[in-house]
Ligand code: NAD
């Protein structure tokens, strides 16, 4: 550590609560080391009550940048100077870059999801996508997909507190992009079947498949899948969800959220350092 951290070392932080379980320090510190970059990535337990002071402190200390996770992703936007187009629409940010005192917020979760599709050889420009979910991750994906040229986006969410949030996203995307965007209740099974039948890509961004919902799948059964539908489940723990097992049985290409997690980190890394994250090396370290 004394060889690694010197008087010249730059700090990159992660501010969230809780945060001690995060894989981000390993990802970024291994990448810094691999490329010989003089940065160190450290987690700070910060919630909304100390967020404003934290941002002031990080700015005053000329910290190069930081990641932001829950519960700070939305509230931090009010303390920043600029927001990326996706961050403005989502109303949240997960990455801040400090350029000589000017703080710019970006959201790289959607960038990560779209890059994960590309890495899997999935062409999405001009295609139809169904996204189930209207929470934080789903919204970031929906906004980036619409900005990146997905032709038609259909959102489903169950009748909970997230549904109205999905309606807001639809409204904003209709105003600001050419994407054809609609939202329907997940409980409307006939509509769900029809939309999935005519979709190229289905992204599941609900909490289904992860603890404590390991045995829950957002769609009712396997008949909603077909061999030429491409499915991404944003869950990465466990590595294979029940939805993904159904996909294997039906014969459709499917993958988990590890790629999304990796490429959202790689996008932030590039913003802070100007360098490409050595993703193959990081995959060996993390996966
Ligand atoms: P969130 O709490 O903001 O949203 C949860 C979503 O799940 C809502 O749309 C809610 O309606 C839906 N939901 C919850 N229980 C459901 C059920 N029983 N049936 C149908 N829908 C249900 O959470 P989030 O942060 O957006 O996370 C959502 C998913 O995205 C999680 O699975 C998480 O693991 C994943 N995620 C992945 C990454 C990544 O990098 N791969 C990053 C963030 C989140």
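Just so you know, glycine gets a Cβ as well, placed from its N, Cα and C.
Straight from TrEMBL, the features:
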{"type": "DOMAIN", "residues": "14-96", "note": "domain 'Shikimate dehydrogenase substrate binding N-terminal'"}
{"type": "BINDING", "residues": "22, 23, 24, 69, 94, 109, 236, 264", "note": "shikimate binding site"}
{"type": "ACT_SITE", "residues": "73", "note": "active site, proton acceptor"}
{"type": "BINDING", "residues": "133, 134, 135, 136, 137, 234, 257", "note": "NADP(+) binding site"}
{"type": "DOMAIN", "residues": "257-286", "note": "domain 'SDH C-terminal'"}
I want to check the contact list for residue 137 (NADP(+) binding site): same chain, sequence separation of six or more, C-beta distance under 8 angstroms. What comes out? 109, 205, 234
Fewest-neighbour residue among recorded positions, criterion Cβ within 10 Å, set 69, 73, 109, 234, 264: 69
Mean of the pLDDT scores, which run from 0 to 100, over the domain 'Shikimate dehydrogenase substrate binding N-terminal' (14-96): 97
Secondary structure tally of the domain 'SDH C-terminal' (257-286) (DSSP, helix then strand then coil): 24 helix, 0 strand, 6 coil
Those recorded positions among 22, 23, 24, 69, 73, 94 lining ligand 1, judged by a Cβ under 6 Å from any of its atoms, are none
When the Cα-Cα distance from residue 23 (shikimate binding site) is computed for each of the binding-site residues 133, 134, 136, 257, which gives the smallest value? 257
Per DSSP, residue 137 (NADP(+) binding site) is which: helix, strand or coil? helix
So of all those binding-site residues, 133, 134, 135, 136, 257, which one's Cα sits nearest to residue 69 (shikimate binding site)? 136
Any idea which of the binding-site residues 22, 24, 94 has the thinnest Cβ neighbourhood at 10 Å? 22
About how far apart, in whole Å, are the alpha carbons (Cα) of residue 24 (shikimate binding site) and residue 136 (NADP(+) binding site)? 18
Checked against DSSP, the composition of the domain 'Shikimate dehydrogenase substrate binding N-terminal' (14-96) is 36 helix, 18 strand, 29 coil
In the three-state DSSP scheme, residue 236 (shikimate binding site) belongs to coil
Say we define neighbours as other CB atoms within 10 Å of the CB. Which of the binding-site residues 133, 135, 136, 257 has the fewest? 135
Hey, which of the binding-site residues 23, 134 is the loneliest by Cβ count within 10 Å? 23
